[in-house]
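Copied over from TrEMBL:
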| type | residues | note |
| --- | --- | --- |
| TRANSMEM | A:12-30 | transmembrane segment |
| TRANSMEM | A:42-63 | transmembrane segment |
| TRANSMEM | A:94-117 | transmembrane segment |
| TRANSMEM | A:129-153 | transmembrane segment |
| TRANSMEM | A:159-177 | transmembrane segment |
| TRANSMEM | A:189-209 | transmembrane segment |
| TRANSMEM | A:221-243 | transmembrane segment |
Amino acid sequence: MALMAEHSLATLRDLSLIVLIMFGFQYLVIRRPMARLKRVLGGFLLALTGLTLFIVGLELALFPLGSLMAEQLVSPNFLPALAEGAERHWHDYYWIYLFAFMIGASTTIAEPALIAVSERAHQASNGTLNPLVLRSVVALGMATGITLGVWRIIMGWPLTWFIGSAYVLVIVLTLRCPKHMIPLAYDSGGVTTSTITVPIITALGLGLATQIPERSPVLDGFGMIALACLFPIISVMGYAIIVHPKGSR
Amino acid sequence: MPFVVSFGRQILDSTKDLMPVILVVLFFQVLVLRQPLPETIAAGQVLIGLICVVIGLALFVRGLELGLFPAGEGLANAFVRKGSAFWLLLFAFALGFGTTVAEPALMAVAVQAERAFLEEGLILQQQLAPGRVALALRGIVALSVGSAIVLGVLRILKGWPLHWLIIGGYMIALALTAVAPAPLIGIAYDSGGVTTSTITVPLVTALGVGLATSIKGRNPITDGFGLIAFASVMPIIFVLALGSLGFWWLNG
């Protein structure tokens with residue numbers, strides 16, 4: 001309850017800014033009363049309550065779940081036994097790769113925003129684009145991004161290498177991709193990181209970087225969200241190029 | 001009654017988002033790890049937390065749909081009709097800034113970023129009040145999204161080609177990455193990914209689509225989308241640039 005009171009003050013501050021902006025522009029610049037004022041105010045009250053609850057849930061459940069799974073899946077007791085003086089190989093961590101892949105794929109496949117996008121794409125393409133196939137392609141991209149992100153943390157390689165190569169790949173594919181698929185591909189990068197998956201993935205990354213020897217939370221823990229956004233763009237454009245070979249654009 | 005129905009649907013949507021996570025975690029806990037949850041974590045607390053997340057997110061989205069989204073759309077249309085570029089751009093900036101400050105996914109990343117900074121000793125506890133770093137990061141990202149929307153609106157008004165601006169943005173981001181302090185890089189790129197979320201996207205898209213519809217020769221679908229694309233590149237640039245300044249200032 002104390003947690004709740006503390007957070008509700010902070011969310012009040014966070015939400016009141018946009019409220020002030022809206023009312024300021026409405027009454028000082030446009031100078032017309034706001035339509036359905038009561039409903040708008042009621043909505044803000046709901047949003048305030050909701051955001052406070054969400055932040056409380058974030059601390060109670062989403063952060064702990066992410067870091068807990070990272071801790072357990074890379075704990076020395078769980079990993080295959082290590083011979084005396086031997087070094088830990090990156091492939092010893094296979095369970096955490098599988099976990100990351102499954103989290104990425106399953107949350108994306110079920111993501112409501114993506115379902116809406118793929119239905120729209122289905123209609124826009126006159127039924128040639130199967131929405132389920134599109135969702136699977138995006139999910140595959142997202143899962144690959146997260147898994148590569150986990151692998152990067154384990155290897156301790158700079159994020160720049162991954163982002164740089166992904167950018168180059170995105171640019172090359174954009175040049176080859178059928179024009180009508182480009183906006184869809186870029187859009188699908190944004191919808192994979194929902195408000196629920198972001199905290200879990202961030203906590204997973206930080207948990208891993210804390211647990212794995214010689215890794216730093218700040219240097220290695222972040223970057224998974226970025227990769228999770230980039231790889232669906234790549235997978236959707238790659239898919240578009242395979243399905244619509246040159247000449248049929 | 002319609003409220004109850006749409007709220008119920010929202011709860012269902014949030015649950016759909018959360019369900020796969022719970023299933024995958026349970027699968028690993030029961031079949032792979034084969035151990036009860038460690039004692040450091042109370043299962044009951046997690047359960048309450050999950051319920052808070054589902055109900056909270058549903059209330060939040062539903063509240064926005066009732067209040068903020070229609071109000072914002074009305075304002076966006078009013079400014080497009082008003083025909084004053086100055087007020088339109090000012091409104092675009094304020095909209096991007098204000099919505100980003102209230103973005104829950106960004107709050108999560110900012111909280112974690114501050115914790116990581118403290119843990120590494122990159123900032124000292126007595127140096128800054130708790131929550132300051134998270135707030136600063138959110139401020140920088142909000143500033144960047146505001147600027148991104150301004151740039152996106154300018155692009156729609158002037159008809160600049162989208163892909164060159166985006167590729168240019170990527171180039172600047174990569175160039176800054178080469179000179180920025182290493183601890184900022186991951187956080188900067190992650191910030192770019194969280195701005196395209198619950199609250200920013202619907203409002204910004206409304207502005208873009210309204211604008212593109214009212215100007216001849218613009219395509220509502222591709223031009224409305226362009227604003228979001230800017231909003232995910234600009235935070236990287238701003239966090240790297242302004243974050244570097246803050247970093248050097250803190251560390252002398």
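These residue numbers are counts, starting from 1, taken along the chain as shown.
Every residue, even glycine, has its Cβ placed from backbone N, Cα and C.
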Give the nonlocal contacts of the transmembrane segment (A:221-243) in its own chain as ranges (CB under 8 Å, at least six residues past its ends). 104, 108, 133-134, 137-138, 140-142, 144-146, 148-150, 152-153, 159, 162-163, 166-167, 169-170, 173-174, 176-178, 181-182, 184-186, 188-190, 192-193, 198, 201-202, 204-206, 208-210, 215
Taking the transmembrane segment (A:129-153) as reference, which of A:12-30, A:94-117, A:159-177, A:189-209 has the most Cβ pairs under 8 angstroms? A:94-117
Of the stretches A:12-30, A:159-177, A:189-209, which racks up the most C-beta pairs under 8 Å with the transmembrane segment (A:94-117)? A:189-209
